[in-house]
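The domain 'HAMP' annotation in TrEMBL covers 196-248. Under the heading domain 'Response regulatory', TrEMBL lists 771-886. Summarising the annotation, TrEMBL assigns 4-aspartylphosphate to Asp821. As annotated by TrEMBL, transmembrane segment applies to 6-27, 172-195.
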Amino acid sequence: MKLYRLAIVVIIVAFTGIAALAGLGWVTYVEARKSQVVLTELVDLKSDIDAFSVAADSLLLYETDGALLGAVIADGEGIVRRLDAVAAVAPEAHKAAQRVEPMLLLLTEFGRGLPEASDAGGANDPAGPLAIPMRARSLISQMANLGIALDIAMDRAHSYQRQVIDKALARLIAILAIAGGGLGLLVVAGFAMSFRVIAVPLRQMTRVIARIESGEPEARMRGGGFSELHDLANAFNRLVEREHTAKAQLVASQQDLADRARLLAESQRIAHICSWQRDLRTQEVKWTEEAREILGIDTTYVDGEGTVFIDLVHPDDRAAFMAAREASYCGDGPTAIKHRIIRPDGELRFCVTRSVAKVEENGRAVVMAGTLQDVTDQEIAERADAEQRRILEMAGRIARFGGWTVDVGTWRVTWSREMCALHGLPEGATPTLQQVLAFIVAEDREKMTRAMMACINQGTPYDEECRVENAQGNVLWVRTVGEAVRDENGNIVKLAGALQDLTTQKNVEEMLRHTQRLEAVGKLTGGVAHDFNNMLTVIIGAAQIMVDRVSNDPMLSKLADMTLTAANRGAKLTSRLLAVAQRQTLAPKPTDLVGLLLGMENLLRRAIGEDIELEINSPANLSRAMIDPNELENAILNLCINARDAMPDGGVLRIDVEECWLGESMTRKNGSVLPGTYVMVSISDTGHGMDQATVSRCFEPFFTTKEEGRGSGLGLSMVFGFVKQSNGHIELDSEVGVGTTIKLYLPVVTGDVELEEEPEDLGTAESGNEFVLVVEDDDLVAASLESKLERLNYRVEVARNGPEAMRILRQHPDIDLLLTDIVMPGGMNGRRLAKEAGQLRPGLSVVLMSGYSDQLTATEGAEGPKILLRKPFTREQLAAALRRALETADTV
């Protein structure tokens, strides 16, 4: 049963009892009140009856008159009426009154019909007692007696009413006693019930709370009793359970918070980040533990104004840091700034400070909070990454290499910076796929479209070469590589790849093929020239002997002179062939090109004629070129003559000289060019020019566009070979109808240069008597040399290779001079032979000879100056070389 229902029942019962007792008490009170009124009335009647009785007796004892009798009768009538009112409570008195009432009527009649008058006077005179008739006197006596009876009856009625009142009072007192007792019992029962229903559970709750406080979290209240208390117990148990759960959750939360705090501290340690808070009102500053590691100081000494920390900020970053801090103070929102700090130990670190202000309603900042992160490693990595990106971009720029992506579905194209540059578009351009395909030349577009569609549909990667025409109209050879990019479900979502400009590579390959053709021709030409020189050496030697022996026979002498002349012309032809093959004999030396051109000016004007205007432009201060001046003059003259032939109607021939630097771009174009400083000689004409097909073959030997008989096809080939042999570079640019420009890049002088010397032709052959060892693998040349030397009175020993020569040197310690060919079989060339001979015989004179001029200028072999002979040579040149070598034997 619900407690509130029980309370309602108790209250209803209590109120019902109280109401019943109150009603009974009220009835009792009303009865008592009525009895009290009746009693009062009876007391008054008794008093009136007593007065009536006295008056009645007075009528009998004293004189009376009609007025007095009327008054007594009126009183009697009033008593009768009043007794009628209290007849219910005084029946006896009412009966007596009923007996008095007729008497009063008779007395009334008696008083009106009294016949006698008083003797003493008239009718109004009082009558004496004896004047009242006996009948009246009897009635009055009876009335007096009845008055006594009435008095007695009234006493009884009074006593009865008194008893009634007493009973009512007693009953009222009983009711009050019962009510008081009931209320007392009700209070006691209520207290007992309250104690049992409320106090006991509360005491139980107190004990449970004490048990819980003493460490028994599982203690609970027992249910039962009234449902409210049961609900209270359950609610208490639920409260305890929730409190227990909340406490467990609190402990778990505290543990989690502690774990999070440790995790935060560990994370801050790993991330090199600390947090801080500054109360702007108290200037209290709090830092997390990692700040000590980052700043290298005890953060407890960091003041609220932040001056200690600001002193750590790099001076160059301090102004920007202060500006950011002021912005945070103003409540402008979170701020972040990267800056450097210098720790007390001098270590430089890069940091990022983030801060935000808590602002009150009045706009005043009260708390500043933020983080400080050490990003030194990140900064180093970012700088390294930026350097890598810079290198990669530079590599892409140098290698002309770009990347691209195409999103499948949207077909959005993304190009790298170099991709835009290759296609002649501004950086950041985003062409459509149709525009990308439009860049591909028509002949290659179908092939590339098939490759891309196969990659999109089947994921087939491709690696193709094609041509593209950029926005400027330039056609480029490119290599494009593409592959599919798939999502986690294996669907192709993107194409990614790269594109490389192969134009330079293609040009280099073409130049390489061209160069290889030239080298093949050069080797063939050089080989022929070498063998021809050997033969010319024999022929010239034999012709000179013939000239000496048949001087007395005009016919034979003429034939001998013709043979010698033809042999010399053949020697000049082989010299030209060796120039084409880049194997001619050169005598490079520091040369002032400005002076050389000024010295050639008159010659050039005569060569080109008056219809052509000559312009020579050269700076005042120009580095000297390391070049053979004679061959350079021949090259310049040859080029000017070609320019003249290209301007039959006249024009302008311009020669410019300047110093320039050839960098990596030129090296990429032509692998044979070394980066460095060069002196450039540019020869430009305004002639008819050449098309690209002619330009591509112009340096080939024996190729010419001139009429038959007007050109040998060796002019430009000789210039090309001379420049390349001189470690230079040559460029030709020509446009039909505009003209041609040829640029010669000649190496400048670097450091001291030691030159190998070639003997002068003295005109006469000076003989000697020294012992000469001749080393020559060609039998004819060896026999010719032996004959020439013997005619010059030298003692001669001949060897066919290097090892044989070393054996003879060991056998003949009296040999004075070694005359050896450079190119020989047997694994030992002439230079190595000269070196080992010098080690075996210090001071031995050496003369080197070869039909390859490049062999004469090679650096392999003995150190120091050597006498060089280029085949074919005359007897006089041979004699001069021998004498000079013998005279300078101490230098070898």
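Cβ atoms are placed via backbone N, Cα and C, with glycine included.
Values in this document were obtained by computation on a predicted structure and should not be read as measured data.
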Under DSSP, the domain 'HAMP' (196-248) has how many residues in helix, strand and coil?
-> 40 helix, 0 strand, 13 coil
Far apart in sequence but close in space: which same-chain residues, 6 or more away, have a Cβ under 8 Å from Asp821 (4-aspartylphosphate)?
-> Val775, Glu776, Asp777, Asp778, Val781, Gly830, Leu848, Met849, Ser850
Helix, strand and coil residue totals from DSSP for the domain 'Response regulatory' (771-886) stand at 50 helix, 25 strand, 41 coil
Outside the transmembrane segment (172-195), at least 6 residues beyond either end, the same-chain residues with a Cβ under 8 Å of its Cβ set are 10, 14, 17-18, 21, 24-25, 28-29, 32
Average pLDDT across the domain 'Response regulatory' (771-886)?
-> 82
